[in-house]
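Participant: Quick one: this structure, given as structure tokens, is what I'll be asking you about.
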Amino acid sequence: MKRIITIATTVLLVLTMSKMVLAHSHFVGSNPSDGEVLTESLQEIVLEFDGNIEQGSYIDLATTAGETVEVQDHIIEENMLTGTLASPLENGDYDVNWSVISADGHPLEGSFSFTVNAPVAEPEVEEQEEITEDPAETPETTDEATDQDVAETEEEIAADEANEGSSSMMIILIVLLVAIIAGGFFFLAKKRK
């Protein structure tokens, strides 16, 4: 009887551990990719993983000279992490360091580099004059953008709450399954004596 319990416990542990290992997210790719030379300025960095990632994941960006570049927002949507930049990147070499938390709570880290080599545009005086002549349109555009930002933020919060709930539910189900199996074996062991 002890032999059956030992075998059953071993099988249960192997199955449980394999589920946990499979739950880890792995890095799939990025935009820009490692070593890429961009011919236009960049506004965001996107990382993709093969599984969902959790809040607390982030992207750090710096020049190869070590100067930190501000990443304004970190947006997490299922298996994608997007870092929105405060301003377009200037020409130069950049290093990206990222850290994410997979759906099972396992932390992952990585880094890559890319180069921005965009043509430098000369500022046009005529465009600046047109912008200053029509300031009445600017507040409407700002109000529309603010409403859209609020709606997007509410959607992100709802998606994050759904992801957190699914991670917690999986853990509860695993613990419940282990308790039921252990109780069954205990009951069988008592019954045979």
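In case you wondered, yes, glycine gets a Cβ from its N, Cα and C as well.
The following feature annotations were taken from TrEMBL:
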{"type": "SIGNAL", "residues": "1-23", "note": "signal peptide"}
{"type": "DOMAIN", "residues": "24-116", "note": "domain 'CopC'"}
{"type": "REGION", "residues": "122-162", "note": "region 'Disordered'"}
{"type": "COMPBIAS", "residues": "123-162", "note": "compositional bias 'Acidic residues'"}
{"type": "TRANSMEM", "residues": "169-189", "note": "transmembrane segment"}
Participant: Provide the three-state DSSP residue tally for the domain 'CopC' (24-116): helix first, then strand, then coil.
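Facilitator: Counts, helix then strand then coil: 0 helix, 56 strand, 37 coil.
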Participant: State the mean pLDDT for the domain 'CopC' (24-116).
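Facilitator: So the average pLDDT across the domain 'CopC' (24-116) works out to 93.
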